[in-house]
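Student: Pulled these features from TrEMBL for this protein:
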BINDING   C:LYS67, C:VAL68, C:LYS69, C:THR186, C:ASN293, C:PHE294, C:ARG295, C:LYS313  ATP binding site
DISULFID  C:CYS116-C:CYS165  disulfide bond
DISULFID  C:CYS126-C:CYS149  disulfide bond
DISULFID  C:CYS132-C:CYS159  disulfide bond
DISULFID  C:CYS217-C:CYS227  disulfide bond
DISULFID  C:CYS261-C:CYS270  disulfide bond
CARBOHYD  C:ASN184  N-linked glycosylation site
TRANSMEM  C:336-356  transmembrane segment
Amino acid sequence: VGSFCTSLWQCYFEYSTPKILVIRSFKVGTLNRFTQALVIAYIIGYVCVLKKGYQDTDTVLSSVTTKVKGIALTNTSDLGLRIWDVADYVIPPQEENSFFVLTNLIITLNQTQSRCPESNSTGFYCTSDRDCRVGLRDTRGNGVQTGKCVNYSADVKTCEVWAWCPLEMDAEPPVPPMLGDAENFTVLIKNSIRYPKFNFNKRNILPHVNTSYLEHCVFNRITDPDCPIFRLKDMVTEAEEDFQTMAVHGGVMGVQISWECNLDMPSSWCVPKYTFRRLDNKDPVNNVAPGYNFRFAKYYKNGDNQETRTLIKGFGIRFDVMVFGQAGKFNIVPTLVNIGAGLALLGLVSLIRLHWTYFYKAPF
Amino acid sequence: VGSFCTSLWQCYFEYSTPKILVIRSFKVGTLNRFTQALVIAYIIGYVCVLKKGYQDTDTVLSSVTTKVKGIALTNTSDLGLRIWDVADYVIPPQEENSFFVLTNLIITLNQTQSRCPESNSTGFYCTSDRDCRVGLRDTRGNGVQTGKCVNYSADVKTCEVWAWCPLEMDAEPPVPPMLGDAENFTVLIKNSIRYPKFNFNKRNILPHVNTSYLEHCVFNRITDPDCPIFRLKDMVTEAEEDFQTMAVHGGVMGVQISWECNLDMPSSWCVPKYTFRRLDNKDPVNNVAPGYNFRFAKYYKNGDNQETRTLIKGFGIRFDVMVFGQAGKFNIVPTLVNIGAGLALLGLVSLIRLHWTYFYKAPF
Amino acid sequence: VGSFCTSLWQCYFEYSTPKILVIRSFKVGTLNRFTQALVIAYIIGYVCVLKKGYQDTDTVLSSVTTKVKGIALTNTSDLGLRIWDVADYVIPPQEENSFFVLTNLIITLNQTQSRCPESNSTGFYCTSDRDCRVGLRDTRGNGVQTGKCVNYSADVKTCEVWAWCPLEMDAEPPVPPMLGDAENFTVLIKNSIRYPKFNFNKRNILPHVNTSYLEHCVFNRITDPDCPIFRLKDMVTEAEEDFQTMAVHGGVMGVQISWECNLDMPSSWCVPKYTFRRLDNKDPVNNVAPGYNFRFAKYYKNGDNQETRTLIKGFGIRFDVMVFGQAGKFNIVPTLVNIGAGLALLGLVSLIRLHWTYFYKAPF
């Protein structure tokens, strides 16, 4: 036992080192130093400067609220002169990270639950009641068939349906768009962000922005880059689209707010960067089902307590606000890990050289 | 100083290499080659083929719009024969990545702000006015108590409340669901994606899909895998649920669209993959508060300018569209990093062998 | 050729090992063992225990539904005594991961499309018709100018506009908030999660929670930590805000549900953790555009089929439910990778020592 203990003790202090040959060679020495320089350059240039390997990082936590302002005026035979304000054209009135602005519409007034001839575009033509099937509800149709064949117009007969009548006209949306005035609407986007790891909060209304400036400013990349109020047309133009064209069929716009922050620098350097792009694909060769529209209704009761509704097929632009960001701050742990990995790499260089030397001298 | 310079110069060209013993041994040589083969297999098989280590990757940016189509017919004593179309059953009319389809409902017509006896299910029974407290608003109750005790039915008295009266009947939702027809509704899901790093755009309406096909097609995993129009029942069935059962209490469905793309291949190989699953837990042993429902109201004014409303407790299925995806494309940087790491690993093999040899020959 | 084959065969069984010097030195031996101990401590302590390097991880997939309950009573000269229930104060009635509760409001009754003098706060004062421009629609204004100058009050004249008249009073929201009762509203948050990689499902209504408990319980960090029903005031208080103050101008609250699960442990240990924080920045020095409000309207038709609306500027609290989480479970692949990396590091130690020894003995 005593001998084993001595052995163990000796082993503890023992270490092995290879026998080293020190060789002076211009060729191999230069290669050696060059590889070392490469590794050091990689560590300093790529790991430290570009990737900021000495920093701990955190991703952004964000909250967005939006407020649209503006008035549009339409003049149609159906509605007469009509004003549209924010309560009329933003649907639904609030969403989490998104807002929708109505830009064009097909309106059908005074619909009631009743019977009317099916629209001719659905293809339910008939000559007698036998061509119509009671209770048929087809996805192409607008209601449930009553089994009767009735006059759609003077010379066309279609199956009668039980539906919200009169039916919506199956038409292309008006050009120019009815709420073309929407191009001058403005939206205030309030965005508060937080980097939880660093307990860092900021919002896109920067400290130097005061109430009087906010009341009249409009975002402009050159003159007003800090104003959080955006004109809808400007956003669409920055995405290289034409507002009036886009407004006809609607679409989806992305408002990207980027908060790339180096928190080793003064916190006032951490500012949002706005970019705008169209998100739905406007592919000219594959122009199936373009734009963005949906149907909604306003319900009324008339004098006889009967329910009537106004159906609106609304075309418009949905703005999705997307907040991205990563913040970095000096932290000892990633610094050590990266320095360690760098040293290891440096060590490996000589190991690889060793191999290389060996293979170089291998018997074939 | 001259001597130091010479020293430094010599040092620059100097390199050290361990003295190497070349040994021929069947056992250790085989082990050596086997380990090297293992590492090379790992690098080629796992890093290159499986993990595609030679590619740079990017995550998907997505925009989703949906459009539901279909007609349902209900026939109740309250409402009579009634047609439900998209403007009636999709609430709210538009959302960002989600849509809700009403499948069942409890309707309370002609509510007004007035006084009525509290519902008996809330437990506010009383025998005299002293049992009721003026102004009490309990979370179980439906209104603010007026302090009176009134007849709920011929033999039951409850506290009177100031509320929207008549109160909603506290009942289980009807079976079968009122809008059971919803199983045949279809939804067109338009999904545009973008991989910003590779400037790659695509949408789920593939180039070969034309308008006439889109007008009648319905998604089917075998016959129509490229049709972006889904029948609600098919989606629920694929998630191994029964539509009519789910429709009674409502629920949440996930529509997962996966865009895993290898952009080194032709872009036409990059196609969406659809999967469907139920997201809310339908746990049979823990069936507390099942399904998905919410209350909403339609407001009217009657002849005397008094506000009345129709309260609807709507049960239905919310479809959350979730878009996942990662694209990869050849890039020199990750290729070099991975080859480097592979070589390093190869180097380490001999290092570990060296250690192993040493420990093997250690004194114990 | 035969000679080359023999050569290759010999090479296959050949391996090289450096000549090793075994040195006994207290100083270097201790340093050696200390470094090895450090690396082993790092592998066991940091990689295995802290980072759980032997586990495969997955991020959470979540579905959230919410249901608010409660009654508020307001008494104003405009509306008289009025009850507000969930269908009145939750707008829109359903959202994906969010719900909004109205806490304060400025109401404008019986608006119609007509003409009225512009509000004095917009600054459109005039003395004669020449000061007003026909058709001017300014973002500050409430309508389209008709070109007339009319009496706003006895001594102030403003330009007339075509708008929804009467215009909304431009006033600060009432203090105390009209729906201050909202502090006692409760919300049931149902959250189902899934870790797809491990096929693990759970919901925040834990198995031991039964219906009778759910009917009366309210979340309390100490007494009822498993109850998924939250009182609004409690959530705001936990975020160190005052409900009545926040209710005046509105705001955005984050409800964070964290599901950090170690699936090597019994699944009953995997429970949600709730935290609450205010998301919109309530910065006292930079108090521009505080709170959260939006406008919405209810549309009516009066006896003459003319459209009227009630405009509501609603202030309130939006609760964003955010679900985070990562689950880990033992998996052989990351275990091997981490053990391998650990061994490699151990190997590097001796390599670095080797270098260090060499540099230590370098000629300068």
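Quick reminder: no glycine exception, Cβ is built from N, Cα and C everywhere.
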Student: Nearest by CA distance to C:CYS149 (disulfide bond): which of the binding-site residues is it, out of C:LYS67, C:LYS69, C:THR186, C:LYS313?
Tutor: C:LYS313
Student: I'd like to know which recorded positions lie near chain B: of C:CYS126, C:CYS149, C:CYS159, C:ASN293, C:PHE294, which have a CB under 8 A from one of its CB atoms?
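Tutor: Nothing passes the 8 Å Cβ test.
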Student: Based on Cα distances to C:PHE294 (ATP binding site), point out the closest of the disulfide-bonded residues C:CYS116, C:CYS126, C:CYS165, C:CYS217, C:CYS270.
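Tutor: That would be C:CYS165, nearest by Cα distance.
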Student: According to DSSP, does C:ASN184 (N-linked glycosylation site) fall in a helix, a strand, or coil?
Tutor: helix
Student: Check the Cα-Cα distances from C:LYS313 (ATP binding site) to the disulfide-bonded residues C:CYS159, C:CYS227, C:CYS270 and tell me which is shortest.
Tutor: C:CYS159
Student: Going by C-alpha distance, which of the binding-site residues C:LYS67, C:VAL68, C:THR186, C:ASN293, C:ARG295 is nearest to C:CYS132 (disulfide bond)?
Tutor: C:ARG295
Student: Which of these recorded positions, C:LYS67, C:LYS69, C:CYS149, C:THR186, C:PHE294, C:ARG295, are close to chain A by Cβ (under 8 Å)?
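Tutor: Cβ contacts with A, in sequence order: C:PHE294, C:ARG295.
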Student: What is the number of other Cβ atoms found within 10 Å of the Cβ of C:CYS217 (disulfide bond)?
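Tutor: Step by step: centre on the Cβ of C:CYS217 (disulfide bond), count other Cβ atoms within 10 Å, giving 16.
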Student: Taking the residues C:LYS67, C:VAL68, C:LYS69, C:THR186, C:ASN293, C:PHE294, C:ARG295, C:LYS313, which the record names as binding ATP, find the longest CA to CA distance and state it in Å to the nearest whole number.
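Tutor: Spelled out: the longest distance between any two Cα atoms in C:LYS67, C:VAL68, C:LYS69, C:THR186, C:ASN293, C:PHE294, C:ARG295, C:LYS313 is 24 Å.
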Student: From the Cα of C:CYS227 (disulfide bond) across to the Cα of C:CYS270 (disulfide bond), what is the distance in angstrom?
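Tutor: C:CYS227 (disulfide bond) has its Cα 15 Å from the Cα of C:CYS270 (disulfide bond).
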Student: Which of the three DSSP states, helix, strand or coil, fits C:CYS270 (disulfide bond)?
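Tutor: Assignment for C:CYS270 (disulfide bond) reads coil.
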Student: Rounded to a whole number, how many Å is the Cα of C:VAL68 (ATP binding site) away from the Cα of C:ASN184 (N-linked glycosylation site)?
Tutor: 11
Student: Considering Cα atoms only, can you say which of C:CYS116, C:CYS126, C:CYS165, C:CYS217, C:CYS261 is the nearest neighbour of C:THR186 (ATP binding site) among these disulfide-bonded residues?
Tutor: C:CYS217
Student: Between C:ASN184 (N-linked glycosylation site) and C:LYS69 (ATP binding site), what is the CA-CA distance rounded to a whole number of Å?
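Tutor: Cα-Cα, rounded: 9 Å.
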Student: Which one is closest to C:CYS159 (disulfide bond) in space, judged by CA to CA distance, out of the recorded positions C:LYS67, C:CYS217, C:ASN293, C:ARG295?
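Tutor: Of the recorded positions C:LYS67, C:CYS217, C:ASN293, C:ARG295, C:ARG295 has its Cα closest to that of C:CYS159 (disulfide bond).
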Student: Just going by other Cβ atoms within 10 Å, which of the binding-site residues C:LYS67, C:LYS69, C:ARG295 has the emptiest spot?
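Tutor: Least crowded of the binding-site residues C:LYS67, C:LYS69, C:ARG295, by Cβ count within 10 Å, is C:LYS69.
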Student: What is the interatomic distance between the Cα atoms of C:CYS227 (disulfide bond) and C:ARG295 (ATP binding site), given in whole Å?
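Tutor: It is 34 Å, counting Cα to Cα.
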Student: Report, in whole Å, the straight Cα-to-Cα distance of C:CYS217 (disulfide bond) from C:ARG295 (ATP binding site).
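Tutor: Roughly 35 Å, rounded to the nearest whole number.
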Student: Which one is it: of the disulfide-bonded residues C:CYS116, C:CYS126, C:CYS261, whose Cα lies the shortest distance from the Cα of C:ASN293 (ATP binding site)?
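Tutor: Nearest listed residue in space: C:CYS116.
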Student: Tell me the Cβ neighbour count for C:CYS116 (disulfide bond), meaning other Cβ atoms within 10 Å of its Cβ, over all protein chains shown.
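Tutor: Its Cβ shell of radius 10 Å holds 21 other Cβ atoms.
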